[in-house]
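The feature active site is assigned by Swiss-Prot to Arg158, Glu324, with sequence analysis given as support. Annotated active site, proton donor per Swiss-Prot: Ser228, in sequence order, evidence recorded as sequence analysis. Sequence annotations record features per position, and here Swiss-Prot assigns domain 'FAD-binding PCMH-type' to 12-182.
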Amino acid sequence: MQNLQPFHTFHIQSNAREIIEAHSIEQLQQVWANSKSENLPVLFLGQGSNVLFLDDFNGVVVLNRLMGITHEQDANFHYLHVNGGENWHKLVEWSINNGIYGLENLALIPGCAGSAPIQNIGAYGVEFKDVCDYVDVLNLNTNETFRLDTEQCEFGYRESTFKHRYQQGYVITAVGLKLKKDWQPILKYGSLVDFDPKTITAKQIFDEVCHIRQSKLPDPNETGNAGSFFKNPVVSSEHFEEIKKHHKNLPHFPQADGSVKLAAGWLIDQCNLKGFQIGGAAVHKKQALVLINKSGATGQDVVKLAHHVRQTVAEKFGVYLQPEVRFISATGEVNSEQIIT
């Protein structure tokens with residue numbers, strides 16, 4: 001068995017039968033074929049920034065290390081073709097330094113480009129789908145590569161077809177991004193609303209987003225975590241009004257379909273759970289949405305803590321939180337919501 005601890009940001013002690021870095025599509029195909037012939041499960045990881053290992057993984061972990069960025073442009077748009085192993089934050093930095101704007105709100109999101117479409121990553125008013133042109137996918141059972149446009153990706157809130165139809169036996173090899181040359185700042189959330197849209201630069205947004213994230217989110221290199229552990233729940237307008245009767249300052253974000261998105265971190269905070277600990281796992285003291293590996297936590301410690309948080313919030317608000325983090329058992333991904341229910 002090989003130690004997985006350095007390859008995922010929760011840094012929970014767990015092992016895999018084998019860990020392989022794949023630097024080419026041919027290597028991905030070879031590892032898949034070998035693993036299938038030995039009847040071993042395969043897990044593809046980028047930087048392991050959104051996974052929780054519940055047990056040792058009884059198979060092969062393949063680290064996506066497909067690298068490279070190409071840039072083309074026309075009169076109106078910049079087009080980036082980004083291979084799946086590229087670090088997401090470094091890509092954002094690279095784009096700003098090259099005068100290509102539109103990714104700045106997504107600064108400091110951990111992980112790599114190939115993982116971004118799976119979760120439809122988002123922050124500060126921008127989601128991956130807003131900048132996505134296409135996603136290139138390798139079907140490992142046929143060795144064919146195909147391209148999905150944005151609509152075919154079926155993006156939703158922390159949701160995409162890559163969690164369903166294209167989950168097993170597929171790997172994202174590259175993403176295509178389409179960024180307007182006529183750049184418009186997105187200043188909808190947090191301290192960004194205080195900026196003047198007429199004078200703000202993309203670099204200033206980038207710096208502010210980095211500052212906000214660094215001030216309230218723990219650095220995974222120092223404190224194991226997987227970022228936001230829970231999704232922000234979406235409730236009906238009736239349910240929202242009911243909660244608001246008792247909590248006048250409830251942060252909320254009306255959605256196009258009439259539903260209302262609530263801030264999961266605020267709900268957890270109202271339950272006085274910051275700092276709450278089970279085993280080696282704890283709710284972060286600064287940002288309640290983040291569960292941390294405080295001291296030698298096991299996967300089960302985190303599961304028990306997540307269950308306690310979910311139950312406590314449900315009892316107070318009638319809202320059941322869903323994990324954003326993917327749970328990995330000995331044989332592969334499992335339903336995270338079922339595990340913590």
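Using N, Cα and C of the backbone, Cβ positions are placed for all residues, glycine too.
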> Across all chains shown, how many C-beta atoms besides its own are within 10 angstroms of the C-beta of the residue listed as 'active site, proton donor'?
Replying inline: 21
> C-alpha of Glu324 (active site) to C-alpha of Arg158 (active site): distance in Å?
Replying inline: 7
> Within 10 angstroms of the C-beta of Glu324 (active site), what count of other C-beta atoms is obtained when all protein chains are considered?
Replying inline: 19
> Near Arg158 (active site), which residues of its chain come within a Cβ-Cβ distance under 8 Å, counting only those 6 or more away in sequence?
Replying inline: Gln119, Asn120, Gly122, Lys231, Glu324
> Can you tell me the three-state DSSP label for Arg158 (active site)?
Replying inline: coil
> If you average pLDDT over the domain 'FAD-binding PCMH-type' (12-182), what do you get?
Replying inline: 97
